[in-house]
Amino acid sequence: MRDVKYVDAHCHIEDKAFNKNRDEVIERAKKEDVIIVTSGASLGGCLRALELRKKYNIYLTLGYHPSRVKADDKVIEKVYNLIKNNEYEILAIGEIGMDIKDENYKRQEEIFKKFLSLAEELNKPIVVHARGFERKIFDIAKDKVDIMFHCYSGDVELAKEIGKEGHLISISTLVCFSEHHKKLVESLDLEYLTTETDSPYLSPIKGTKNEPKNVKLVIEEIAKIKEMEVEEVKDVIYKNTCKFFKRRL
């Protein structure tokens with residue numbers, strides 16, 4: 001079987017948490033043959049992500065996190081225009097979506113639909129943050145664009161429906177220690193999945209920041225659960241992710 005790379009389909013290498021060691025983190029990922037897709041989720045994060053793409057030749061998505069909906073409309077409009085003006089630099093729009101833990105669901109939905117319309121206009125897939133709103137987000141967007149459910153934590157039956165409809169479930173480093181996420185992997189066809197770290201969050205190693213190289217642990221855990229070879233899992237995940245982003249990575 002040909003040698004393929006690991007894919008961290010969603011992380012935040014532009015996060016300020018990496019300011020002191022970003023070079024080393026990216027170098028460690030490259031040494032482990034990890035493809036990095038970083039996700040700008042605020043105005044500042046999107047601007048930093050664009051700069052990092054130029055410097056490190058990594059991939060990116062740009063969006064606006066639902067936790068930031070209290071921001072002034074002018075800020076949201078700046079992010080909107082930034083995405084529109086950099087459509088050829090991005091793989092997808094995201095992360096965007098809704099979160100049950102944040103307030104003002106109506107405004108969250110309005111902002112999500114604004115960026116969803118932009119994705120339709122630009123013919124881009126979306127990467128969604130949908131904690132507590134998995135069904136709602138799916139019903140709104142499923143017939144409009146391709147969807148990747150970042151760090152999916154919803155129920156198994158909805159995940160199966162998402163996969164059968166041709167959308168993608170992203171399995172994060174939570175699978176290394178969460179029984180629910182192990183059950184998701186056990187229950188879902190591998191063709192429905194991609195992998196991520198959500199770095200610097202969700203570290204599988206206690207007391208450390210997460211980083212893209214740890215996506216290897218996700219692949220290894222999936223292989224263990226599925227009773228498959230690591231290389232076979234890598235290959236399928238890579239193909240799934242390239243298909244979703246509509247390009248070879």
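Backbone N, Cα and C atoms are what each Cβ position is placed from, and that goes for glycine too.
Listed features, source Swiss-Prot:
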{"type": "BINDING", "residues": "His10, His12, Glu95, Asp198", "note": "divalent metal cation 1 binding site"}
{"type": "BINDING", "residues": "Glu95, His129, His150", "note": "divalent metal cation 2 binding site"}
Candidate with the highest Cβ count within 10 Å, taken from the binding-site residues His12, His150: His150
Sparsest-packed of the listed binding-site residues (His10, His129) - C-beta count within 10 angstroms: His129
Which binding-site residues sit within 10 Å of His129 (divalent metal cation 2 binding site) - Cα, from His10, His12, Asp198: none
Chain-internal residues, separated by at least six, CB under 8 A from Asp198 (divalent metal cation 1 binding site): His10, Cys11, His12, His150, Cys151, Ser172, Thr173, Asn210
Other residues, Cβ within 8 Å of His10, His12, Glu95, Asp198 Cβ centroid (divalent metal cation 1 site): Cys11, Thr38, Ser39, Ala41, Val127, His129, His150, Cys151, Glu196, Ser199, Tyr201
Environment of Glu95, His129, His150, the listed divalent metal cation 2 site - residues of the same chain whose CB lies within 8 A of the CB centroid: His10, Ser39, Ala41, Gly63, His65, Gly94, Ile96, Gly97, Val127, Val128, Ala130, Phe149, Cys151
Residues near Glu95 (divalent metal cation 1 binding site) in space but at least six apart in sequence (CB under 8 A): His10, Ser39, Ala41, Thr61, Gly63, His65, Val127, Val128, His129, His150
